[in-house]
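Some notes on the structure that comes next.
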């Protein structure tokens, strides 16, 4: 028994086989962790969107307290932000899917 076997350094063919097996075997814990991270990122993105919308729209639209024109301005600003967010999200998802399909990711 050599030192390489003690420290996990078996033959190169054994290392390749172990690495290939590890990559191809689906790990339910890893999958669950990826799902949890994806959910947390989605919540963080939604929170960031709400914060930016609130900050920008209210700063732009609230010129005087309780003015009726504030409501229309805020509604239009929110709609604009949501349309922009949807366009950007679709483009981002498309790029990620294309990169994943071509093996870049």
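Quick reminder: no glycine exception, Cβ is built from N, Cα and C everywhere.
Going by Swiss-Prot, these are the annotated features:
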- 57-77: disulfide bond (DISULFID)
- 61-73: disulfide bond (DISULFID)
- 1-27: region 'Disordered' (REGION)
- 57-77: motif 'Twin CX3C motif' (MOTIF)
Residue distribution over DSSP helix, strand and coil in the motif 'Twin CX3C motif' (57-77): 15 helix, 0 strand, 6 coil
Reported mean pLDDT - the motif 'Twin CX3C motif' (57-77): 86
Between residue 73 (disulfide bond) and residue 57 (disulfide bond): CA-CA distance (Å): 8
Cα-Cα distance linking residue 77 (disulfide bond) and residue 61 (disulfide bond), given in Å to the nearest integer: 8
Same chain, 6+ residues apart, C-beta under 8 Å of the C-beta of residue 77 (disulfide bond), given in sequence order: 53, 56, 57, 60, 61
Other C-beta atoms that fall within 10 angstroms of the C-beta of residue 73 (disulfide bond): 16
